[in-house]
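Undergrad: From Swiss-Prot, for reference:
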REPEAT    14-132  repeat 'Solcar 1'
REPEAT    140-224  repeat 'Solcar 2'
REPEAT    234-328  repeat 'Solcar 3'
TRANSMEM  20-40  transmembrane segment
TRANSMEM  104-124  transmembrane segment
TRANSMEM  146-166  transmembrane segment
TRANSMEM  200-221  transmembrane segment
TRANSMEM  240-260  transmembrane segment
TRANSMEM  299-319  transmembrane segment
């Protein structure tokens, strides 16, 4: 009689609601841990080049980028507080010592209104699409992460894009609900519904390829590390490492589109706020050619290190905490079976 070989432990798939809870928890943890890096970066930028009224800057909570408009000429705004910082570490310590620990999360709550729903939609759609495609194509089909990642990101960006435009408008003008309704109605009547998706195209060009590369590399790297370790299920460190490496590769590969997206959206909102006449809307490829002509090919990779510093920990924390949440619910499902 042959000895029985131990197989993988029984698992029950997590429900969509459980996936939503896991992704929401991961989103909150990611934003709490990554936001201080961007707050320090923005404070240093504001110190070296003070933001004039109407100036736009990017704020990242680790989940998504948000366009913010400097609307206050006084020094009351969190990004205009004086600090006399000598560098990143000095800024971090002085903010902590002089302003309190809460200042490291300045500006976070309003951005989470968009970021958490976007993350929940994205991760839940990815999981549901992956499960569906596996039933049709098989468990080991390598194209599944690419297809699911592309469709999930496309959907999340499309849903959130008009809401983010409205959020930015409210933040820049302090509109009442009635004025906001009038703004949306006027915009739709003048330029059609498509005007609510301004800035959508460059975001899609950056985020969709990022998502495809990220999920493809993450799933394959996670599987490879499990095989090398002789494990059926990935550990927290395997998920963390796979997320960090996959995020860094995707961040480098899509950086040119990030440079273009930042330039287009900053110009768009500066014109909106200051009522400048709208310039000729250049395509992504035209902007890229102009950047190469002005700064050389390296201009397309401006800000590589800051992007990696932000993206790598965000990807690692988000995916590892999300997978941890899924593992918790899987155990609960098995026990309650």
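Quick reminder: no glycine exception, Cβ is built from N, Cα and C everywhere.
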Undergrad: Thinking of Cβ pairs under 8 Å, which stretch from 20-40, 104-124, 146-166, 299-319 has the most of them with the transmembrane segment (200-221)?
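TA: Stretch with maximum Cβ contacts: 146-166.
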Undergrad: What does DSSP give as the helix, strand and coil breakdown of the repeat 'Solcar 2' (140-224)?
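TA: Tallying H, G and I as helix, E and B as strand, the rest coil: 75 helix, 0 strand, 10 coil.
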Undergrad: Write out how many residues of the repeat 'Solcar 3' (234-328) are helix, how many strand and how many coil, based on DSSP.
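TA: The breakdown for the repeat 'Solcar 3' (234-328) reads 80 helix, 0 strand, 15 coil.
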Undergrad: For the repeat 'Solcar 1' (14-132), DSSP counts of helix, strand and coil?
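TA: In the repeat 'Solcar 1' (14-132), the DSSP-based counts are 78 helix, 10 strand, 31 coil.
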